[in-house]
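Below you'll find the structure, written out as structure tokens, and then a few comments.
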Amino acid sequence: MPKRTDIKSILILGAGPIVIGQACEFDYSGAQACKALREEGYRVILVNSNPATIMTDPEMADATYIEPIHWEVVRKIIEKERPDAVLPTMGGQTALNCALELERQGVLEEFGVTMIGATADAIDKAEDRRRFDVAMKKIGLETARSGIAHTMEEALAVAADVGFPCIIRPSFTMGGSGGGIAYNREEFEEICARGLDLSPTKELLIDESLIGWKEYEMEVVRDKNDNCIIVCSIENFDAMGIHTGDSITVAPAQTLTDKEYQIMRNASMAVLREIGVETGGSNVQFAVNPKNGRLIVIEMNPRVSRSSALASKATGFPIAKVAAKLAVGYTLDELMNDITGGRTPASFEPSIDYVVTKIPRFNFEKFAGANDRLTTQMKSVGEVMAIGRTQQESLQKALRGLEVGATGFDPKVSLDDPEALTKIRRELKDAGAERIWYIADAFRAGLSVDGVFNLTNIDRWFLVQIEELVRLEEKVAEVGITGLNAEFLRQLKRKGFADARLAKLAGVREAEIRKLRDQYDLHPVYKRVDTCAAEFATDTAYMYSTYEEECEANPSTDREKIMVLGGGPNRIGQGIEFDYCCVHASLALREDGYETIMVNCNPETVSTDYDTSDRLYFEPVTLEDVLEIVRIEKPKGVIVQYGGQTPLKLARALEAAGVPVIGTSPDAIDRAEDRERFQHAVDRLKLKQPANATVTAIEMAVEKAKEIGYPLVVRPSYVLGGRAMEIVYDEADLRRYFQTAVSVSNDAPVLLDHFLDDAVEVDVDAICDGEMVLIGGIMEHIEQAGVHSGDSACSLPAYTLSQEIQDVMRQQVQKLAFELQVRGLMNVQFAVKNNEVYLIEVNPRAARTVPFVSKATGVPLAKVAARVMAGKSLAEQGVTKEVIPPYYSVKEVVLPFNKFPGVDPLLGPEMRSTGEVMGVGRTFAEAFAKAQLGSNSTMKKHGRALLSVREGDKERVVDLAAKLLKQGFELDATHGTAIVLGEAGINPRLVNKVHEGRPHIQDRIKNGEYTYIINTTSGRRAIEDSRVIRRSALQYKVHYDTTLNGGFATAMALNADATEKVISVQEMHAQIK
């Protein structure tokens, strides 16, 4: 039956900021849903607080609200826009929870809005653990023995019944938040306390342990006529006990017999029928006991998920797009499959003739003190996917695409080490982020397949594959480059070995292996992802490489081509913002008539959607893989400045190989990154920088530090996201830094800068075309200098800086752009102290603020700059004036500390945020208040505030205290702060620090006495002492600031109402015109 005509407009709920467990896969699904529904003539209204998404671009929906995804705000949007229906299945757990809340609060009924895609009852039945268990029993499927608890007493009673170890999962949370595995009562109580706190319904499910069972997922799509298709089966390489988001996964499932697969297929369809999903996609997770084949249903998600993004990219079947059309009444047989050009209907189950491997990417090095063992709580921040003709090829391609310094199965331990075996065994038994490499080491150290299986419970079939690769590596090392004849080299390439790995094994340079392949004329061919295992011809150019006979790439020869290199897997410091830029480059150049080619390996993103570019190569972004694509495509230009450090690292090597890198030249990029070369440019332009030095040894650093003066910012050269960057306060601190952190330098020097305490930091994004410079936006940071710019909230326009100071910065940016010969985007960071402007750094590439600035000003910077790189001047594009909006936009960051108990949430020069939100208001205060609501802050309007500040903040704290009093807060202060306040006539209640006796600060936080805490520190001892305050504030959900500037912004926002007025991006941009 065709689409519904009783609904004319549809509200899509987005997923909000990127957090661990909910990443850019929902931008991909939301963007697809917007396109699909507008194609059908519906009016689409979108709400999503994350500005770094493609779906919040003004052309994606008819009305776009970058507002907090909070039921009261969404109610305002519904009241204003009057949609007929709401689609909550595209925005992850955030959207589902918001939709259920709108239903509970009677908002949907009040405005006559229907829920489409999933009914409130189906969502509740799938998410409510007790109802789900009952539903499964009804259709004869087993679930794990379990019980439900709402209090600690109930939880302990369930544990007595289920036994240890047991698995704890809170209801209605995402990415296993608050859950875990408890092996004893102490761990059990700790996990339950955290879980009860995080579950919006205060409900825990406590399961028998299925640790060591095999885990599978089925991606199912069902329509209202009960047509059901399995899009993809996915098998977890890691056994149960590790969250599926943290597991290596393989599609299609490799170790099921046909009979087992059919049983699981039928079971997953039965689950969708029973839960009542009849208009869209779901994923159903199963566990199988390898000893006896017992099958258990773990859970199902009645929405588009991380796995469905993976399944879409793995098969080419656009689940989100199809689900959106089913939600408005179509059936599967009425929809055509785009990839085959409509030669097959969407009711054909995809079949694939290749293997797909996904490996998660972790960032534990950013979180000192975090528990880096993998459990049922998700901890990975990104993922990489690779496609190959065999399991071995796809696994090795994924390993090199992960960008963790491995080009394949590089050894982790030296076999000469007497502790080697002990270490390998420990890593296999208790999995961390690197277990896959330790498995290869185990085979090198002489463990058998059974031996590894007993430690890991990973299916022997997978282990045999890895063992064979290790044996081949040993053979290469034995015969050397002279033994690599054409036949042997071909065999190795078919198994996915990278040139770089073979070079290391043979003891030669990578270029020599490449030369050898050229001699043998040994190059990959490209196959197409077509959903039908090559049964039907396909017009869609979605390719992967493999070493076989027939090439299906079929590149055009009549059009000018531009290739965009993507950013690879998400990680902290390089996330969705860079993908956003890549997508914009591709869209703009397509509009201008170029054929665009995208190279990337991140399955979550819009850039790897088959219709974002003319041609998509789903390949690792490494030198070898990129050069092979360039060899057959012969592009006119390659863009490396948009994908973060991943493609930038390749710029020089690509240029050396004769690849036309367009935009700012690799040499100019190097001039900005290399300290000494940059220093020459700065001196020539007579710009001010904080006193600094470059050192190569510890004693030299100690000498230079005396000249520059403490505190210092220390860091290795060439980093993104502030890796190994710290503020040190004295010589002892400096020596400690050199002993613990300088190993990251790879013979590169370490940079010392005088730290400008209390300076205001400013980010400026600009575009230069060689003739003029366009200022995109000037953003004033809210946290003072010293907090990494990626972790600081910022305001556009600036909210305290004078016009004169801003003009000085504009002039300096212009001088720098011409001096460095920038063609395209650049980002400059300044610090302002005592009305002096200091230059901090220049990045001649896309910065993570580009999407935010584009949304705030209505100027699509990434598109404009891409056209500049392709040779179209700013004047020709008609974009020559800086836009200063008549409203304020505030970007606030979202930090993942709740996933890492034990890590100090103090902000510093090392970036740790995973995502961002944006708030827009007529005043700075209103915009800041909205950004706080959007980032799930727990800011309250009144209550009791605790003030504990460092020496340098004591005079300014008086003003803040007065503002809080005026707002109706009662005040507490620690000893030193209380004295200063007392002298100013403010008398707070005195509280003890932790070492001063009880009741102390921590007791009072635990008792729920505070609604707001401000705690600023400097010096290592003070930071250690006050760490317990920050951890407790986080744990007990008290809004806290670790900078005084943050405190002042909070005080301003207390007067504003974040839920009072909503404004769409289209209305914002209309005010600028």
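Just so it is clear, glycine is given a Cβ too, placed from its N, Cα and C backbone atoms.
What Swiss-Prot records for the ATP 2 site is Arg715, His754, Leu756, Glu761, Gly786, Val787, His788, Ser789, Gln829, and among Glu771, Glu819, Glu841 the residue it adds there is Glu841. Mapped onto three states, the DSSP output places Gly786 (ATP 2 binding site) in coil.
According to DSSP, the secondary structure content of the domain 'MGS-like' (937-1073) in residues is 68 helix, 20 strand, 49 coil. When Cβ atoms from all protein chains are considered, those within 10 Å of Leu756 (ATP 2 binding site) total 22, not counting its own. When the binding-site residues Glu299, Asn301, Arg715, Glu841, Asn843 are screened for a C-alpha within 10 angstroms of the C-alpha of Gln285 (ATP 1 binding site), the residues that qualify, in sequence order, are Glu299, Asn301. Around Gln829 (ATP 2 binding site), a 10 Å sphere centred on its CB holds 19 further CB atoms from the protein chains shown. Classification of Leu756 (ATP 2 binding site) by DSSP places it in coil, neither helical nor stranded.
According to DSSP, Glu299 (Mg(2+) 1 binding site) is assigned to a strand segment. Among the binding-site residues listed (Asn301, Leu756, Gly786, Asn843), Asn301 has its Cα nearest to the Cα of Arg129 (ATP 1 binding site).
Measuring Cα to Cα from Glu208 (ATP 1 binding site), none of the binding-site residues Asn301, Arg715, Leu756, Gly786 fall within 10 Å.
Rounded to a whole value, the Cα-Cα separation of Glu215 (ATP 1 binding site) and Glu299 (Mg(2+) 1 binding site) is 11 Å.
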